[in-house]
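According to TrEMBL, the features are:
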| type | residues | note |
| --- | --- | --- |
| DOMAIN | 28-493 | domain 'Major facilitator superfamily (MFS) profile' |
| TRANSMEM | 25-46 | transmembrane segment |
| TRANSMEM | 84-104 | transmembrane segment |
| TRANSMEM | 116-133 | transmembrane segment |
| TRANSMEM | 139-161 | transmembrane segment |
| TRANSMEM | 173-195 | transmembrane segment |
| TRANSMEM | 207-226 | transmembrane segment |
| TRANSMEM | 316-334 | transmembrane segment |
| TRANSMEM | 340-361 | transmembrane segment |
| TRANSMEM | 368-390 | transmembrane segment |
| TRANSMEM | 402-424 | transmembrane segment |
| TRANSMEM | 436-459 | transmembrane segment |
| TRANSMEM | 471-489 | transmembrane segment |
Amino acid sequence: MPGGGVGLVATADTGRIESPVTLKAYLMCAFAAFGGIFFGYDSGYINGVLGMNYFVHLYTGLDPNDPRFAKDGSDPKGFALPSWQKSLIVSILSAGTFFGALMAGDIADFTGRRTTIILGCIVFIVGVILQTASSSYGLLVAGRLVAGFGIGFVSAIIILYMSEIAPKKVRGAIVSGYQFCITIGLLLASCVDYGTQNYTNSGSYRIPVAIQMLWAIILATGLFFLPESPRYFVKRGKIVRAAEVLGRLRGQPHDSELIQTELAEIIANHEYELQVIPQGSYFSSWANCFKGSLFHQKSNLRRTILGTSLQMMQQWTGINFIFYFGTTFFQQLGTINNPFLIGLITTLVNVCSTPISFYTIERFGRRSLLIWGAFGMLVCEFIVAIAGTVDGSNPTTVKAEIAFICIYIFFFASTWGPGAWVVIGEIFPLPIRSRGVALSTASNWLWNCIIAVITPYMVDSDQGNLGPKVFFVWGSLCVGCFIYAYMLIPETKGLSLEQVDRMLEETNARNSSKWVPHSTFASEMGLTDKGTLAPEIVEDVERKGSVV
């Protein structure tokens with residue numbers, strides 16, 4: 001019997017395509033968001049380390065007890081790392097994550113989403129060990145490159161995994177939890193940096209580096225006890241396994257009518273997509289991500305460009321300028337007594353603002369958050385740029401700049417921070433979803449790397465020396481983000497992944513919030529007289545999955 005004896009009850013009722021969910025199932029979905037902690041921590045710890053006396057000593061040859069070093073951890077009177085070293089140390093992680101994310105899509109399709117994330121944790125730990133052991137520039141850079149590969153695996157597939165297992169009504173909130181965990185990681189990094197900044201031995205940077213291993217160990221251990229994505233098993237043609245893990249995720253018996261109905265819709269949607277764009281060789285499966293017309297809303301090319309450009313836009317907001325180079329930027333302003341403390345405050349604002357999105361992303365939707373978030377950020381950034389240019393040497397003006405930087409962080413953390421990750425997990429059809437999310441994540445890290453490379457040359461006093469004027473750049477880019485969100489971002493709240501697929505076929509971004517589901521894939525693909533999914537559909541999915 002097709003499906004190994006699993007009965008698949010199909011329905012035409014768009015309100016019955018997802019099973020009710022228990023609290024235990026919610027918690028299982030939410031745990032995966034923990035992956036954001038070590039992503040955020042690794043991104044954040046380097047911000048403070050670059051300004052530490054001992055770390056600067058290590059690469060400049062100065063004695064950390066030299067009176068030219070300030071006791072409060074501020075700029076050692078011009079004796080800082082040269083721009084090219086700061087640029088390489090920060091950007092090499094993003095280079096590793098770019099390639100790691102590209103590789104992750106293939107690995108996730110062959111070994112599973114959960115297995116890929118665990119593998120990413122192992123690679124990351126190896127990179128952290130290299131960084132912790134480093135006492136030379138070369139080994140530190142190599143360690144960050146290796147760790148970047150691990151983060152690339154995790155950052156790409158954790159979004160895919162959460163989007164595929166989360167219930168549609170809270171999918172946005174659960175994926176937003178990933179961004180919240182990123183902010184927690186940034187905060188933890190700031191706290192550790194603040195605590196070790198004045199150490200006069202290698203512990204000042206080795207302690208912040210080594211702590212990262214703990215987050216990877218917790219995530220990998222927890223994932224051993226979580227189920228694989230049921231949509232992965234459908235893609236591989238393993239219908240019985242898909243029913244079992246879907247039942248576990250929804251807290252229902254795997255042979256219940258509720259599970260059979262939800263699984264039937266997933267299978268029917270997958271079969272529909274395979275008919276639209278048949279699968280072929282390895283290279284043709286990658287080529288499928290770029291098929292169709294750029295001007296057709298439903299085409300794979302359009303969705304791939306939407307995902308990659310959205311992640312590019314998230315980096316264009318300039319947020320990582322604050323979290324990568326905030327401490328050294330505040331040092332350069334010259335009127336702040338403790339830049340490490342200011343860095344801690346900005347990170348705390350980030351943490352406290354992100355949970356707002358848990359409610360707003362489901363109440364007001366993805367599209368509205370991205371539009372108004374971009375508008376709020378561009379206003380704050382232009383205010384900072386203008387104030388710093390006109391009266392940047394005035395301590396009162398600098399305080400006002402910091403206040404608006406915090407408001408800017410609030411807008412990012414409650415809108416674009418989580419929103420961009422939520423949308424890329426929802427817009428791709430199952431046959432290309434792993435690669436689509438991987439490409440989108442790789443785009444994030446590519447632009448992350450580019451910004452990390454060029455920023456020191458833009459703001460350092462011995463280079464471009466833009467100082468606060470750099471916010472004219474970020475503000476202008478946020479104007480682009482505002483226009484982009486209005487014109488191109490669809491509304492996906494309250495829809496299953498299969499319904500998002502249908503919505504993108506039938507309407508455009510500006511009208512997407514008005515679209516309502518009107519049919520199911522299961523009813524269109526074929527029902528038997530008994531209301532079950534046609535056996536030939538299940539057989540076809542099993543056959544095609546066995547040769548993926």
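Just so you know, glycine gets a Cβ as well, placed from its N, Cα and C.
Beyond the ends of the transmembrane segment (139-161), by six or more residues, the same chain brings 32-33, 35-36, 38-39, 42, 88-89, 92-105, 107-108, 113-114, 116-117, 119-133, 175, 178, 212, 216, 219, 229, 421, 424-425, 433-434, 437-438, 441-442, 444-445 to within a C-beta distance below 8 angstroms of the stretch.
Panel annotation: around the transmembrane segment (471-489), residues 306, 309-310, 313, 316-318, 321, 366-367, 370-371, 373-375, 377-378, 381-382, 384-385, 388-389, 416, 423, 458, 509-510 of the same chain, lying at least six beyond its termini, place a Cβ under 8 Å from a Cβ of the stretch. Note: the stretches the transmembrane segment (25-46) and the transmembrane segment (207-226) are in contact (3+ CB pairs below 8 A, sequence gap of 6 or more).
Outside the transmembrane segment (436-459) by six or more residues, the chain places 83-84, 86-88, 90-91, 94-95, 97-99, 101-106, 108, 148, 152, 155-157, 159-160, 163, 289, 300, 303-304, 307-312, 314-316, 318, 320-321, 324-325, 329, 332, 420, 424-425, 427-428, 465-467, 470, 473 with a CB less than 8 A from a CB of the stretch. Long-range contacts of the transmembrane segment (207-226) within the same chain, counting only residues at least 6 positions beyond its ends with a Cβ under 8 Å from a Cβ of the stretch, are 28, 31-32, 34-35, 37-38, 41-42, 45, 48-49, 114, 117-118, 121-122, 124-125, 128-129, 131-132, 147, 150, 154, 185, 188-189, 192-193, 196, 199. Sequence-distant neighbours of the transmembrane segment (173-195) (same chain, 6+ residues past either end, Cβ-Cβ under 8 Å): 26, 29-30, 32-45, 47-49, 52, 158-159, 162-163, 166, 207-208, 211, 215, 323, 327, 340-341, 343-344, 347-348, 350-351, 354-355, 357-359, 361-362, 413, 417-419, 421-422, 425.
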